[in-house]
2 protein chains.
Amino acid sequence: MTAKQENGNGTTEKVLRVGLLGFGTVGSSFAEVLSASGAQDVRITHIFNRDVARKRSHARARFVPAEAVWTERVEDVLEAADVDVVVELMGGLDPIEGWLRSALNAGKHVVTANKQLIAYRGAALFELVASKGVQLLYGAAVAGGVPVIPGMSQGLSGDQITRISGIVNGTCNFILSSMEAGADYSEVLKTAQRLGYAEADPSADVDGFDARAKLCILARIALRAEINPEDVPAQSISQISAVDFAYAKELGCTVRQVSRAQIDGDRISARVGPMLVPKNSPIAWSHGTQNMVVTSGRFGGDVVFSGHGAGGHPTAVAVMSDVRAVAEDSHAVRLPAKKVEVSGGVIAPHYLRFVVADRPGIVAAIAGALAKFGVNIDSILQHRGFGGDRLPFVVTTEPSNSATLDKAIAEIGTMDFMLEAPLCLQILVVDDPDTD
Amino acid sequence: MTAKQENGNGTTEKVLRVGLLGFGTVGSSFAEVLSASGAQDVRITHIFNRDVARKRSHARARFVPAEAVWTERVEDVLEAADVDVVVELMGGLDPIEGWLRSALNAGKHVVTANKQLIAYRGAALFELVASKGVQLLYGAAVAGGVPVIPGMSQGLSGDQITRISGIVNGTCNFILSSMEAGADYSEVLKTAQRLGYAEADPSADVDGFDARAKLCILARIALRAEINPEDVPAQSISQISAVDFAYAKELGCTVRQVSRAQIDGDRISARVGPMLVPKNSPIAWSHGTQNMVVTSGRFGGDVVFSGHGAGGHPTAVAVMSDVRAVAEDSHAVRLPAKKVEVSGGVIAPHYLRFVVADRPGIVAAIAGALAKFGVNIDSILQHRGFGGDRLPFVVTTEPSNSATLDKAIAEIGTMDFMLEAPLCLQILVVDDPDTD
């Protein structure tokens with residue numbers, strides 16, 4: 001696939017020719033990281049982007065070899081005989097999928113940071129890749145510069161991972177860790193938008209759709225389970241308020257958007273949403289936009305990967321590492337996955353926060369509804385300092401099935417004293433046993 | 001290299017035949033992990049150990065296929081035509097190096113957990129491996145079940161790592177994290193010995209020689225630097241006492257055995273020893289026997305790998321992952337390293353603890369000696385509650401060259417009021433900038 005090139009010493013050396021789709025933050029950072037690496041065996045030969053004239057004046061365009069072809073026609077890259085690997089850094093499903101299928105069909109390798117594509121169309125693409133004998137690498141699709149995909153693929157292939165828990169959306173982690181430090185949700189969301197961490201429409205981040213796609217990618221590698229992202233319940237972080245951090249603190253916890261999938265025989269549970277995280281759990285360590293993934297293996301116990309999950313340079317490191325793997329024909333270990341239905345319900349302790357108009361009998365009514373569904377109460381917490389006309393209080397449950405709990409909550413939500421929809425969050429439990 | 005075998009469906013399938021050297025804790029755990037994986041393409045065919053009769057009655061011997069050959073003659077494994085990969089889980093330099101060279105020369109792959117071998121003889125072995133076109137994998141040699149070697153090799157090959165800091169000796173981490181919680185050094189060392197974490201002669205652990213070998217292995221991959229382990233200064237943790245944890249706490253720190261190497265152009269500094277670690281640094285997170293490695297990349301910033309660094313099962317996961325990579329012919333990315341001299345001195349703030357017979361003029365004498373060598377004092381700390389006849393007090397310095405400081409300390413150590421050799425520890429600084 002790669003071209004042989006005369007080098008200065010009169011000998012020839014393989015060069016991997018890169019066709020780059022997208023010269024935005026990540027694409028231009030990739031050009032810089034490649035240039036800085038001094039690698040003689042990888043070279044950008046083509047760049048596709050809209051408005052090439054503007055892109056060529058980008059400060060990082062100086063990292064692109066002068067002889068590279070800049071084009072606004074994607075076919076110029078996909079059909080080029082002198083492109084060995086297409087590096088796609090644009091994102092989205094369509095038309096990208098069609099473009100990358102053309103490239104793969106033409107025998108080109110593909111490196112991509114496209115989480116939606118791998119989460120939603122990965123299974124079919126992997127089949128195509130296997131039939132063509134090329135590589136499709138996507139280490140940058142989850143957790144940017146944190147090498148969790150290569151680390152799991154190569155370093156944990158010998159274990160049986162039963163659970164994966166991650167902080168894979170830096171925007172939510174920035175928002176929630178700022179709220180932990182006292183910031184208000186809407187204020188910190190505005191800050192995140194100003195800093196470029198959050199989109200004008202923040203839904204993909206705060207409502208968990210971005211994290212859900214990433215969780216499905218990780219589940220395929222870690223749990224060998226092909227899950228449909230649409231089947232994973234996603235709960236928004238937008239309901240979380242200062243009072244939840246106060247109660248969480250009382251419980252020795254904080255609140256983070258956690259993406260979690262667990263396999264138990266043929267049954268898989270998966271969920272994305274704000275959860276109570278014990279302060280002594282690694283998940284509570286990450287702050288700001290950091291990402292973290294914790295795998296729990298049958299034999300190896302818990303393994304933590306953490307670092308910068310986003311940003312041009314960290315993401316470009318992941319892309320560059322994949323390109324190096326292609327250049328050296330270093331294929332990953334095969335991790336065959338099978339299609340699994342998400343069964344939803346999780347057995348876990350839960351945090352229930354109610355906002356009520358205070359009057360006698362409220363606790364009895366709520367406790368009664370929970371008892372009816374077989375949910376045991378672990379504790380009832382009520383902070384002072386709130387007026388009775390709008391009283392937030394918290395019930396924690398003993399380990400309960402979340403699906404059952406949902407039914408109880410639905411019933412409680414209709415009670416006449418309830419001023420807001422009840423908030424129900426899973427409480428994570430630290431349980432990595434010592435392994436021997 | 002691998003045998004083709006008829007499977008039940010009348011088609012043939014490649015089988016990788018494993019010759020196992022050593023059926024101790026890790027070797028028998030490997031047999032269990034392999035058996036539990038259900039892999040049909042990897043099979044143990046030979047096991048070498050002393051006293052085979054006893055080993056065959058080991059509870060985990062049931063995980064070894066009945067037809068496997070058990071032998072007390074290593075040649076039976078090294079010379080077997082039906083062994084594709086030798087898995088060495090015995091440790092030590094000699095006679096292991098000769099055995100593995102025979103295996104490599106015979107065209108067999110090697111997977112090993114042997115840190116001494118890779119640290120001291122790795123460079124020559126890698127040359128042999130390259131000339132033979134076989135694989136030598138050693139993911140289990142550092143941090144057991146934490147996939148830092150495959151994670152760095154595959155996932156960070158695109159970055160330029162400038163520094164690596166690790167907690168790679170679980171015994172020292174157990175001792176120091178227990179001391180942080182109030183335990184006494186000699187008591188906790190005894191506990192570690194009773195639990196099997198520490199040897200009867202604990203020197204390899206507490207004096208830093210074990211960690212030093214691991215640091216050199218990591219430096220080769222991360223910094224692409226071939227360092228002689230003997231050139232890395234190793235400081236014992238045995239000088240650390242409760243008073244150091246009390247002062248460290250006052251400075252917002254704790255004490256851990258840290259292994260650290262940093263490259264700056266052609267200059268490399270490396271050191272193993274107890275250091276003051278800020279509580280908000282990832283390095284302070286690990287407790288008990290956990291291991292942790294933090295890489296600092298020019299483009300990707302800080303990446304953390306953490307988990308169970310030792311124990312039969314976690315180490316066996318790393319071995320099994322390497323065996324899978326061999327079975328699937330998945331070679332790692334080449335990371336050529338060059339030989340570099342360790343230059344020793346580090347510019348960093350330092351913690352100096354003195355135990356003196358109190359009398360007027362001590363601070364002036366010490367400050368004078370430091371000033372003579374151009375070392376600036378940042379703070380002087382003195383806890384109440386100690387008698388003047390044996391007074392421990394602490395001086396912290398502004399960033400200073402450790403080599404210069406060593407000279408100042410040598411001079412101070414001779415002063416007549418000094419009751420113990422002064423203790424000098426590097427203070428780590430948290431400085432991962434946000435990357436973009």
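The backbone N, Cα and C atoms fix where each Cβ goes, glycine too.
Annotated in TrEMBL:
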| type | residues | note |
| --- | --- | --- |
| ACT_SITE | B:K214 | active site, proton donor |
| BINDING | B:L21, B:G22, B:F23, B:G24, B:T25, B:V26, B:G27, B:S28 | NADP(+) binding site |
| BINDING | B:K115 | NADPH binding site |
| BINDING | B:E199 | L-homoserine binding site |
| DOMAIN | B:351-426 | domain 'ACT' |
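Known features from TrEMBL, placed on the structure.
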| residue | record | contacts (Cβ under 8 Å, 6+ apart) |
| --- | --- | --- |
| B:L21 | NADP(+) binding site | B:G27, B:F48, B:N49, B:V74, B:V77, B:V86, B:V87, B:E88, B:L89, B:M90, B:I96, B:W99 |
| B:G22 | NADP(+) binding site | B:F48, B:N49, B:E88, B:L89, B:M90, B:G91 |
| B:F23 | NADP(+) binding site | B:A31, B:I47, B:N49, B:K55, B:H58, B:A61 |
| B:G24 | NADP(+) binding site | B:N49, B:L89, B:M90 |
| B:T25 | NADP(+) binding site | B:G311, B:G312 |
| B:V26 | NADP(+) binding site | B:L89, B:A113, B:A140, B:G312, B:T315, B:A316, B:V319 |
| B:S28 | NADP(+) binding site | B:H58, B:R60, B:A61, B:F63, B:G312 |
| B:K115 | NADPH binding site | B:G91, B:Y138, B:A141, B:V142, B:D210, B:A213, B:K214, B:I217 |
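The Cβ of the residue listed as 'L-homoserine binding site' lies under 8 Å from the Cβ of B:Q193, B:D205, each on the same chain and at least six residues away in sequence. Around B:G27 (NADP(+) binding site), a 10 Å sphere centred on its CB holds 28 further CB atoms from the protein chains shown. Around the Cβ of B:K214 (active site, proton donor), the number of neighbouring Cβ atoms within 10 Å comes to 26. Same-chain residues with CB within 8 A of the center of the B:L21, B:G22, B:F23, B:G24, B:T25, B:V26, B:G27, B:S28 CB atoms, the NADP(+) site residues themselves not counted, are B:L20, B:S29, B:F30, B:N49, B:L89, B:M90.
In terms of DSSP secondary structure, the domain 'ACT' (B:351-426) contains 26 helix, 25 strand, 25 coil.
Mapped onto three states, the DSSP output places B:L21 (NADP(+) binding site) in strand.
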